[in-house]
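As given in TrEMBL:
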- K19, K60, H147, N276, G280: 1D-myo-inositol 1,3,4-trisphosphate binding site (BINDING)
- R95, K136, 168-179, S194: ATP binding site (BINDING)
- K179: 1D-myo-inositol 1,3,4,6-tetrakisphosphate binding site (BINDING)
- D259, D274: Mg(2+) 1 binding site (BINDING)
- D274, N276: Mg(2+) 2 binding site (BINDING)
- 11-89: domain 'Inositol-tetrakisphosphate 1-kinase N-terminal' (DOMAIN)
- 109-296: domain 'Inositol 1,3,4-trisphosphate 5/6-kinase ATP-grasp' (DOMAIN)
Amino acid sequence: MSNLSSKPYQIGYALTPKKEQTFIVPSLLSYASQNGVVLTKIDPTKPLIQQGPFDCILHKLYDSDWKQNLQDFASRNPNIPIIASPESIDILRNRISMLETVSKLKINNTGVPKQITITEVTGLENLKLNFPLIAKPLDADGSETSHKLHLIFDKDGLNNLTAPLVLQEFVNHGGVVFKVYVAGKYFRCVKRKSLPDISEEKLVNLKGSLPFSQVSNLAAAGGGEGCKFEKTEMPPESLVKELVEGLKEELRLNLFNFDVIRDGKNKENYLVIDINYFPGYAKMPDFESVITDFLRDVVHKDINCGDN
Ligand SMILES: Nc1ncnc2c1ncn2[C@@H]1O[C@H](COP(=O)(O)OP(=O)(O)OP(=O)(O)O)[C@@H](O)[C@H]1O
Ligand SMILES: O=P(O)(O)O[C@H]1[C@H](OP(=O)(O)O)[C@@H](OP(=O)(O)O)[C@@H](O)[C@@H](O)[C@@H]1OP(=O)(O)O
Ligand SMILES: [Mg+2]
Ligand SMILES: [Mg+2]
């Protein structure tokens, strides 16, 4: 269905080359332009106020020059929505403030794994967490290192880690993670393969720490339980919806996803383990129409983009 009733909306985007390659794909450009939305590349090194004109700005850049550029533009164009405000994005760039948003929601049968922040990797003798643990860099800033995770099986595994980091209890969850993609009014829950469960019997044979890249061998080495991916039930739609609405309000974000796991010890319970600003929507079926509808809603102001 094409929409030629009005002048197309100009959406300026500022993304890393990798993000541009995976997200600004021909299918999105053509669907959007057939539905009254034109996506135009911004040169983040030049003043935003000298580019455009734009009806909306979409970005996923974190450097301070870009933040200042965006600030200058926003102060002169208070009515042009920006997806998303750096203040909202920053909440997700720290893995403690990220999950504190979930705890604040106090939604029944939801929570986050027990976790602590480690600023230096010495004096960890009286850790009040149960092994196995997952060590995650405290900064979830999109860098390669921000995704370098380690499974920690015992106290020796805590050596050679690089602080600051978050130590989170590993929760057995049947080897399936649920990823909930949110784009304004739209949300969709998908299943993804996850780390296999680590039973008590297996844990006694696992020593030290293991970077994720090797963890997928755990099942091959008999280290993890088989996971019944296809048969794994989705979480209750009502619970997912509550989390979506609560996180949208708490984060003041409309373009994010979050990872949820079912607690292996209490199947009614769901734990949010990660929240990501502007994730890989192109992996989602029909992402072209989802993103185009979302952008139109933002320009129409049917969706409040935080401060704008
Ligand atoms: N506390 C936990 N218990 C069990 N499994 C976990 C836990 N935390 C993370 N995992 C597993 O590790 C994977 C990566 O963790 P997480 O999503 O926090 O890292 P990330 O680098 O932010 O990943 P993404 O690419 O989704 O941003 C999860 O999808 C899940 O499979
Ligand atoms: O590109 P991909 O499909 O891997 O998308 C991933 C996205 O990378 P990109 O934004 O650079 O594309 C990641 O962003 P950073 O944390 O690294 O900033 C993060 O949001 C992941 O959760 C996304 O994976 P998904 O949750 O959708 O499976
Ligand atoms: Mg994740
Ligand atoms: Mg993440």
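Every residue, even glycine, has its Cβ placed from backbone N, Cα and C.
Note that TrEMBL annotation is computational and uncurated.
Known features from TrEMBL, placed on the structure.
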| residue | record | contacts (Cβ under 8 Å, 6+ apart) |
| --- | --- | --- |
| K19 | 1D-myo-inositol 1,3,4-trisphosphate binding site | K60, F278 |
| R95 | ATP binding site | Q115, K136, P137, L138, D139, A140, V166 |
| H147 | 1D-myo-inositol 1,3,4-trisphosphate binding site | P137 |
| F170 | ATP binding site | P113, F131, P132, L133, I134, L151, L195, I198 |
| F178 | ATP binding site | C189, V190, K191, R192, M234, P235, V240, D259, V260, I261, R262, Y270 |
| K179 | 1D-myo-inositol 1,3,4,6-tetrakisphosphate binding site | C189, V190, K191, R192, N257, F258, D259, V260, P279 |
| D274 | Mg(2+) 1 binding site | M98, A140, F258, D259 |
| N276 | 1D-myo-inositol 1,3,4-trisphosphate binding site | L92, A140, F256, N257, F258, D259 |
| G280 | 1D-myo-inositol 1,3,4-trisphosphate binding site | T22, F23 |
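DSSP classifies S194 (ATP binding site) as coil under the three-state reduction.
Among the listed binding-site residues, namely K60, Q168, the Cβ with the most fellow Cβ atoms inside 10 Å is that of Q168. Counted over every protein chain shown, other Cβ atoms within 10 Å are most numerous around G174 among the binding-site residues G174, D259. Neighbours of the 1D-myo-inositol 1,3,4-trisphosphate site: apart from K19, K60, H147, N276, G280, residues of the same chain with C-beta atoms within 8 angstroms of the site's C-beta centroid are G142, Y277, F278, P279. Within the set K19, K60, H147, N276, G280 that the record links to 1D-myo-inositol 1,3,4-trisphosphate, no two Cα atoms are more than 17 Å apart, and one pair reaches that distance. In the shown protein chains, 20 other C-beta atoms lie within 10 A of the C-beta of S194 (ATP binding site).
The domain 'Inositol-tetrakisphosphate 1-kinase N-terminal' (11-89) scores a mean pLDDT of 97 in the predicted structure. For ligand 2, no neighbouring binding-site residues occur among N172, G174, V176, D259, D274, by Cβ distance under 6 Å.
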